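Comments concern the structure below.
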Ligand SMILES: N[C@@H](Cc1c[nH]cn1)C(=O)NCC(=O)O
């Protein structure tokens, strides 16, 4: 009887949904901080005597690209994935959240401290100290939030495999999107409430993240208890999970399916997250929206995701069609960015409709992409596989905002108002359209590869017994 009750933690629906709520809240806090500077771009570009930091679009782009510096160049994400597969989700999650905290603190210090206008030259370019310190903090934060992201994916696989896995991943993403939506929607209001402050919203993010850490620690306690229970209930007949070996990286990177997934990820996300970083400024410059309210329409995108990502995740769980879903999402992306690039479509209603459509596309692709990875990669290599995919993605998250900042300053300035430049966003939006076209191409290749190898991307995740036999036969065929 006691054993029966004890085994319930791994079987219990309540326990696994509670786990999801705890870790998803930590991610919400992480995503809030990731995107909170986007609606402050206008203020960051305001001259110092006007209460801003006097950055150019290029400098804002540099700061935004810092997110990927350490992940890309120091391979921190890949080390994070290895640590995850070696040390487990509890250690890695606490470590990642603590790194986020230190990073946000440094970023807050950078923008709130008076460095007396001093600059430093790095690789031939001048950096003001606030920009440099804030960027270093953001770079460290980027390491933490990315490692936390892969950790949470692995936690969901551990607690939801064979159950409502895509729905759970969709819900986790929905929570993360609440963080993004709040960041974009309310940061300008917070800033205004504290007298156009840049540092106060960051400080509030820091406090929020402390609560996120506590939430993760509660998960740690539950997860530990589950492992103790599972160990006590083990009959010894269960198949032990193979430990991760260094050579497993080679197994992962020699899979064509893995590369299609990683490329689709970098291309698709390069057209969304970096777009969001500039979306409030696009609203001001193209659609004539007041800076204080510039985050409202872009914030609808993540809020739309909140309902739609779990909906499409649930659909994928039950009906399959993962590869097709990713193709549809890519087609939508091309249409939306193409429409944004047309200068005469400058009514705010157009912006509203396009953002709603982008919300649908940005729900379709992630809801199918992330639960598809375990169909290609075995569970003991999942942490490393997610890390490698995120590493590839981080090249885009780092490079694209940087490139857009340069393009804006070089080719898109149309005039000056209150000491700040005004921009025509046509070229940046055409660049985002190109990412959509490339994403479509890769998603078609992925579907073809799935047909050849039988990964089962088009099959439902929740399988009836007959489906399981069929899927195993297909996977067997594919591996031969
Ligand atoms: N690697 C993350 C990137 C990210 C951006 N903001 C916070 N994290 C990722 O792609 N996560 C999956 C997602 O759909 O958000």
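Any Cβ shown, glycine's included, is placed from N, Cα and C.
Automatic prediction, not curation, is the source of TrEMBL annotations.
Copied from TrEMBL, the annotated features are:
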- 15-34: transmembrane segment (TRANSMEM)
- 19-451: domain 'Major facilitator superfamily (MFS) profile' (DOMAIN)
- 66-84: transmembrane segment (TRANSMEM)
- 91-111: transmembrane segment (TRANSMEM)
- 131-153: transmembrane segment (TRANSMEM)
- 165-186: transmembrane segment (TRANSMEM)
- 198-221: transmembrane segment (TRANSMEM)
- 258-276: transmembrane segment (TRANSMEM)
- 296-316: transmembrane segment (TRANSMEM)
- 323-342: transmembrane segment (TRANSMEM)
- 348-370: transmembrane segment (TRANSMEM)
- 382-405: transmembrane segment (TRANSMEM)
- 425-446: transmembrane segment (TRANSMEM)
Can you work out which residues elsewhere in the same chain, 6+ from the ends of the transmembrane segment (258-276), have a Cβ less than 8 Å from its Cβ atoms? 35, 38, 64, 180, 184, 252, 298, 301, 326, 329-330, 333, 337, 358, 362, 365, 369, 372-373, 376-377, 385, 388-390, 392-393, 395-397, 399-401, 404, 432-433, 435-436, 438-439, 442-443, 445-446, 449
Between the transmembrane segment (323-342) and the transmembrane segment (425-446), are there at least three Cβ pairs closer than 8 Å, leaving out pairs fewer than 6 positions apart? yes
Which value does the mean pLDDT take for the domain 'Major facilitator superfamily (MFS) profile' (19-451) in this predicted structure? 93
